[in-house]
Amino acid sequence: MGSTTMPAAQPAPVPPAIPAERRRRPGAAGFRGDIQGLRAVAVLLVLAFHAGIPGVQGGYVGVDVFFVISGFLITGLMIREVESTGRLNLRRFWARRVRRLLPAATVTLTAVAVAVLVVLPVTRWPSIAWDLLAGAMYVMNWRLAEESVDYLAAESAPSPVQHFWSLAVEEQFYIGWPLVVIAVIAIARHRGWRPRRAMFGSVLLLGACSLGWSAWLTEAEPGRAYFVTTTRAWELALGAALAIVAPRLARLPRVPAEALSWAGLAAITWAAVTFDETTAFPGVAALVPTLGAAAVVTAGIGTSEHTACRALNLPVMRDVGALSYSLYLWHWPVLVAAAAVWGRDDGTLWWPVAVLAAGFSVVPAWLTYRVVEEPIHHGRFFAGSSWRAAGLGTACTAVGVGAAVVVASAVPTVSYPSEEEAPGAAALMHGGRAVVADVALDPVAAVDDAADVYADGCHQQERASELVSCVYGDPDSEIEIALAGDSHAAQWQPALQRVASSHGWRLETYTKSACALSDVTLARGGEPYISCDEWNARLMDVFTGPDRPDVVVLSASNAREAYSDDGTLGETENDEVLADGLERTWSAIRDGGAEVVVIRDTPWRTFATPECVAENPDALHECESDALSDLNRNGRSDVLARERTEGITWVDMTDYICPDGRCPAVIGNVIVWQDRHHLTGRYSSSLAAALDEGISRAVRRVG
């Protein structure tokens, strides 16, 4: 993650004996070497975070530092233009942004498109094509915000252009903020107000609203809150507010300015080393790095005669700061490519290797800076005409969109085989296994081959607790079966639907992301999973009430962590706590009058199966794994609970997923896994006959 950066105006020539920084008038425009150095701090934090360097797990705050810098520089530029000319030339303003940002970004997007076709498996091409399009149109943050509420999308490997989200936030700011400034100045002149005061009041109002919204949404929907423009606008507004009151801030004496600058750097550093993925962010927590950045910017407005400013103004810091935009553009695609080539089974890089890859990204970044970014930004041809700059922007956007189209059109089309050609698990019942006919596999389709509950809108997301359900089979049947649990329960919906339809039963599904039906509070991100508790309480009212179903089918992932006030439980203790909770819940449903069927959790693989199939179409044995290792990878709480609970029907489908102690990628010409641990919808459906016996046994006991 990171952000685009804005260049400050170049200093006016002065006699070499007197440094330009020392000659700068308080509050006047001029090259800010300390800001260039602050850019270096920000981009290095982002690189360290993405490289996984230990101790910098909060390096994502570099993005927030960039936001403050950009708000300050851009607003200062607009104020100076308004005060010197009496107006803001929108065409010229936007032309400068186009020259500064779009060419380098377009080169990166184009290079990524080529690399995707060469380095990454075909299973990732469709989603990356959409990402390239979103990047070219500067709406990547909204795309990621939508995907953040998609539980299965969270399982996907990172996109090589997902870091364009912060560029999108800034581009949207550059489009909207000048329009607000023009409107505010017009109103101020009409009312006889001072323009700076009117702008400052507007910034305070907009910033306060955005901060309040950010705090609320970060608690309610943290995934969405991280990316959307509305939760980040206040950070840019903070920088804008500094630019508006810069003349007053320039009066700060040297000693307080020095203390303020070091305090700001300390705040940024503290956030970078103490924040992590469990920090509720942005929200109120983002005040730490943003106020730190604001302090550094403020301290250098009137004077550069203090040690912090001199440290930031060192040549190496200025050089890295100048390169920061191109370095930010390139470092993430290079890391993703390195992970695809040298990554471990789970797709991650050992952090020293990641550091080397991030270091290598300096090469394309420097070339882009020297050959594309600087010549176009400062060249006379595009600078001399807003219309030529508009043409440049249009061409860049068209090239970016074209890159997305090329990647999308390169995805091969595979005809969908019939059930006779691809029987899936049915092949095991007739002595077959992986291949029973000459059928082309489609790993691209397998990636999106999920249970119907997702597309049908009846799988509840993590933050919500209201019951949602879908009905399959015969809705008027006297026999009602309920399916409940997390995504590992949802994966059984296709199989259960076939079972219910074949017998004329009613099937109703109740599934929620990462929420097993249990009376134990689970941990999510180090916090109690309250919405899961609320969901489960409502669900137990249904399953033990007068309108309870006849049979309750339960399943859940064993990769769960019980919440503990005293910290993380050990693996054995965690399994025991979870097993006790499952036993109590299963017994309560059984004692309430419903039959209970528990489907054992499915194995967890260390790699994404469709990607492996795409990379090894003629060597599928490379995509096999050991059943016992995969089954025990994340605990065995369901097995322990089964040993303690009487009167339930236990269904173990392992032999139909991992026959002979091995877990193949393909059975009966059907790809088994959608990712690392969810069955494809088609393979689940093929398991209906094997699942039927256990469900029918429970139904026979009804009444």
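Counting starts with 1 at the first residue shown.
Glycine is no exception: its Cβ is also placed from the backbone N, Cα and C atoms.
Keep in mind that this is a model prediction, so the values were computed, not measured.
So that you can see what the record holds, here are the features copied from TrEMBL:
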REGION    1-21  region 'Disordered'
TRANSMEM  33-53  transmembrane segment
DOMAIN    34-370  domain 'Acyltransferase 3'
TRANSMEM  59-80  transmembrane segment
TRANSMEM  101-122  transmembrane segment
TRANSMEM  172-188  transmembrane segment
TRANSMEM  200-218  transmembrane segment
TRANSMEM  281-301  transmembrane segment
TRANSMEM  322-343  transmembrane segment
TRANSMEM  349-369  transmembrane segment
TRANSMEM  389-411  transmembrane segment
DOMAIN    458-692  domain 'SGNH'
Would the transmembrane segment (200-218) count as touching the transmembrane segment (33-53), i.e. at least 3 C-beta pairs under 8 angstroms with sequence separation of 6+? no
Same chain only, please: residues at least 6 beyond the ends of the transmembrane segment (200-218) with a C-beta under 8 Å from a C-beta of the stretch. Say none if there are none. 180, 184, 224-226, 228, 230-234, 237-238, 240-241, 244-245, 280-286
Which residues of the same chain, at least 6 past either end of the transmembrane segment (172-188), have a Cβ under 8 Å from a Cβ in it? 70-71, 74-75, 78, 82, 88, 90, 93-94, 97, 138, 194-195, 197-199, 202, 206, 229, 233, 236, 240
So which residues does the transmembrane segment (349-369) touch in its own chain, when a touch means Cβ under 8 Å and the partner is 6 or more beyond its ends? 47, 50-54, 104, 107-108, 111, 322-323, 325-327, 329-331, 334-335, 337-339, 342-343
So which of 101-122, 281-301, 322-343 is most in touch with the transmembrane segment (389-411), counting Cβ pairs under 8 Å? 101-122
Chain residues outside the transmembrane segment (322-343) and at least six past its termini with a C-beta under 8 angstroms from it: 2-5, 7, 36, 39-40, 42-43, 46-47, 50-51, 101, 104-105, 108, 111-112, 115, 119-121, 157-163, 349, 353-354, 357-358, 360-362, 364-366, 368-369, 373
